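Marked as NADP(+) binding site by TrEMBL: G165, R166, S167, I231. The feature domain 'Tetrahydrofolate dehydrogenase/cyclohydrolase catalytic' is assigned by TrEMBL to 5-120. Marked as domain 'Tetrahydrofolate dehydrogenase/cyclohydrolase NAD(P)-binding' by TrEMBL: 139-284.
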Amino acid sequence: MAQLIDGKQLSNQVLQEVASEVERLKAEHDVEPTLAVVLVGEDPASQVYVRNKVKRAKEAGMGSIEHRLGTETTQGDLNQLIERLNHDPRVHGILVQLPLPSHLDEEEVIAAINPAKDVDGFHPLNVGALAAGQASLVPCTPQGCMIMLRQVHPDLSGKHAVVVGRSNIVGKPMAALLLQANCTVTIAHSRTQDIESLCRNADIVVAAAGRRELVDADWIKPGATVIDVGINAIEVEGKRKLVGDVAFEAVAEKAGAITPVPGGVGPMTIACLLLNTTRAARHQLA
Ligand SMILES: Nc1nc2c(c(=O)[nH]1)N[C@@H](CN(C=O)c1ccc(C(=O)N[C@@H](CCC(=O)O)C(=O)O)cc1)CN2
């Protein structure tokens, strides 16, 4: 049976480090790291994530400012709000919860955020810096995945990693981080032929395809490490249940280590968001 990489426990450790850094910033520089969270529309999952982000920020002693906007919000209104937050000296991090309602242009919104306050790490300048191996604000989910991977592989050098999925939020930055850690990286996606055998050769599989239980036991090399980024809500006997992109029960029999869903990558995403906010606050001091 695989070792379980416990995202809840690990995220609590990260959050403790965040709380200590918040204390230091307050005591030494009279700065309260503050996160502004922008939610547009009524998406129920987004509402849960935003609530949890604000709750965790408060628990870590950080400031938080919430902007909840109606679905009918225009691009102009949203851009104006971001411009205000960009210039507000109390705000160190800006997060616009995705997905946005379909009439809004996500790329335009992300590009409007001051890169120094872009705690999601989605701004083209931060994306470029990551690709070039330069210091930057790194997207939260892949950053969390790397912390989890390091629990099992303190040295990732030379490992063969397959990332299943090529999204801007997870797949692409994940591949960049693995490459920075000297892994041999393959990105697989919906047009890739014979993904199964690519994965069977991998020491590390990161499943971020957005398809529930796509990765099955026969995709996995015995002893491999499996990171499940998927969060898919299903109904079992009338009750809501979350499953990942990995068929957990079967894969756990074969893998060496695996992350659960829930309680894996999700809590790490929020912890890394707050870590980025303290980093942004410290950077802005200079
Ligand atoms: N601006 C952003 N939008 C989105 C991001 C992001 O990083 N930045 N990622 C996802 C959603 N997300 C964070 O926003 C996120 C998803 C899931 C979790 C989480 O803790 N999940 C729990 C289960 C929660 C539940 O019961 O539904 C778990 O996996 O244990 C945190 C953050 C898309 N949008």
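Placement of Cβ uses the backbone N, Cα and C atoms for every residue, glycine included.
Those TrEMBL annotations? Automatic predictions, nothing curated.
Mapped onto this structure are the features recorded in TrEMBL.
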residue : record               : Cβ neighbours (10 Å)
G165    : NADP(+) binding site : 24
R166    : NADP(+) binding site : 18
S167    : NADP(+) binding site : 17
I231    : NADP(+) binding site : 19
